[in-house]
Amino acid sequence: MRLVLVGPPGAGKGTQAQYIASNLSIPKISTGDIFRANVSGGTDLGKLAKTFMDRGDLVPDEVTIAMVRDRLSEDDAQDGFLLDGFPRNVAQAEILRDMLKDWGLALDLVLELVVDDDEVVRRLAGRRTCSQCGRIWHVEFDDKKDDKCDACGGALFQRDDDKEETVRHRLEVYQEQTAPLVSYYAGEDILVGVDATGPVEEVTQRAMEAIRPYLG
Ligand code: ADP
Ligand code: ADP
């Protein structure tokens, strides 16, 4: 299964990607996570990406695409993958399509997580991430009073780009650059919308129901 998750920042892509990828036994490939790992590791790629991420802008396509090409070439991605946060504009989508075509492959399905702006802002304002295992939590919805990860005990942190001003800009970037992907993939006839409101487990169930008809 070759799958892409699309949706605004805060829609729950990372959260759902954890469960969907594990249900389908495919790797979850999150470009945001790979960039953040490079930022904390102080690599050249991290240094370059950080200036764009801090502003809430997209990292340039050539850098992002090269990184995804390398990741998709790894052994664990040969029988399927779930992309979270890539592609993020039509140019990236076209290059992904061509890249897969060169390898004799194509995407099976694009799931759009649908949630309104107010909910997205509430979700982003309370998002916390585990510095050790990367798991995503929410201060209010997960009732996180301490700053510890329930899964591994690691310290939770708030992402720099989840500050209110940056969030506003990221939502604009989504509307301008990423939202056009929805009609692009509808045109390719591989788009399915999933209602991403309500409890996490219910959203996962809806996503798995949407995926089922496409499983071989
Ligand atoms: P969110 O989960 O809130 O949508 P991500 O973790 O996916 O955010 O991305 C964080 C930041 O990493 C983005 O604001 C952008 O700067 C960069 N980034 C992630 N994926 C891409 C991509 N496909 N193209 C360009 N920049 C990206
Ligand atoms: P994205 O990757 O699309 O930016 P995340 O998966 O990081 O979104 O989720 C953003 C925040 O919303 C996180 O704090 C997460 O715990 C929370 N969240 C995700 N899904 C739900 C849901 N169904 N109900 C309530 N909160 C959610």
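Note: Cβ is positioned from N, Cα and C throughout, glycine not excepted.
Feature annotations, courtesy of TrEMBL:
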BINDING   Gly10, Ala11, Gly12, Lys13, Gly14, Thr15, Arg127, Gly198  ATP binding site
REGION    30-59  region 'NMP'
BINDING   Thr31, Arg36, Asp57, Leu58, Val59, Gly85, Phe86, Pro87, Arg88, Gln92, Arg159, Arg170  AMP binding site
DOMAIN    127-161  domain 'Adenylate kinase active site lid'
BINDING   Cys130, Cys133, Cys149, Cys152  Zn(2+) binding site
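Shown on the structure are the features that TrEMBL records.
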| residue | record | Cβ contacts under 8 Å, 6 or more apart |
| --- | --- | --- |
| Gly10 | ATP binding site | Val115, Glu119, Val120, Val121, Arg123, Leu124, Arg127, Val167 |
| Ala11 | ATP binding site | Leu113, Val114, Val115, Val120, Arg123, Ala196 |
| Lys13 | ATP binding site | Leu5, Val6, Gly7, Ser30, Asp84, Gly85, Leu113 |
| Gly14 | ATP binding site | Ser30, Gly32, Asp33, Asp84, Gly85, Ile136 |
| Thr31 | AMP binding site | Thr64, Met67, Val68, Leu83, Asp84, Gly85, Phe86, Arg88 |
| Val59 | AMP binding site | Phe35, Leu48, Ala49, Phe52, Met53 |
| Cys130 | Zn(2+) binding site | Ile136, Trp137, Cys149, Ala151, Cys152, Gly154, Ala155, Leu156 |
| Arg159 | AMP binding site | Arg36, Arg127, Thr129 |
| Gly198 | ATP binding site | none |
Original post:
How many Å lie between the Cα of Asp57 (AMP binding site) and the Cα of Thr15 (ATP binding site)?
Top reply: 22
Original post:
How many of the residues that make up the region 'NMP' (30-59) does DSSP mark as helix, as strand and as coil?
Top reply: 23 helix, 1 strand, 6 coil
**OP:** Using DSSP, break the domain 'Adenylate kinase active site lid' (127-161) down into helix, strand and coil residues and give each count.
**Re:** 2 helix, 11 strand, 22 coil
**OP:** For Gly12 (ATP binding site), list the number of other Cβ atoms lying within 10 Å of its Cβ atom.
**Re:** 24
Subject >> Whole-number Å value for how far Cys133 (Zn(2+) binding site) lies from Thr15 (ATP binding site) (Cα to Cα) >> reply: 13
Original post:
If you count Cβ atoms within 10 Å of each one, which of the binding-site residues Cys133, Cys149, Cys152 comes out on top?
Top reply: Cys149
Original post:
Ala11, Thr31, Arg88, Arg127, Cys133, Arg159: which of these binding-site residues put a Cβ within less than 6 Å of any ligand 1 atom?
Top reply: Thr31, Arg88
Original post:
What other residues of the same chain, not counting Cys130, Cys133, Cys149, Cys152, have a CB atom within 8 A of the CB centroid of the Zn(2+) site?
Top reply: Ser131, Gln132, Gly134, Arg135, Asp150, Ala151, Gly153, Gly154, Leu156
**OP:** Starting from the Cβ of Phe86 (AMP binding site), draw a 10 Å sphere and report how many other Cβ atoms land inside it.
**Re:** 23
Subject >> Entries of Ala11, Gly14, Thr31, Arg88, Cys133, Arg159 (binding-site residues) sitting next to ligand 2, with Cβ under 6 Å as the cut-off >> reply: Ala11, Gly14
**OP:** Find the average pLDDT over the region 'NMP' (30-59) in the predicted model and report it.
**Re:** 97
**OP:** Taking the Cβ of Thr15 (ATP binding site) as the centre, count every other Cβ atom within 10 Å, in any protein chain shown.
**Re:** 22
Original post:
What is the Cβ neighbour count of Arg88 (AMP binding site) at a 10 Å cut-off, with all protein chains included?
Top reply: 20
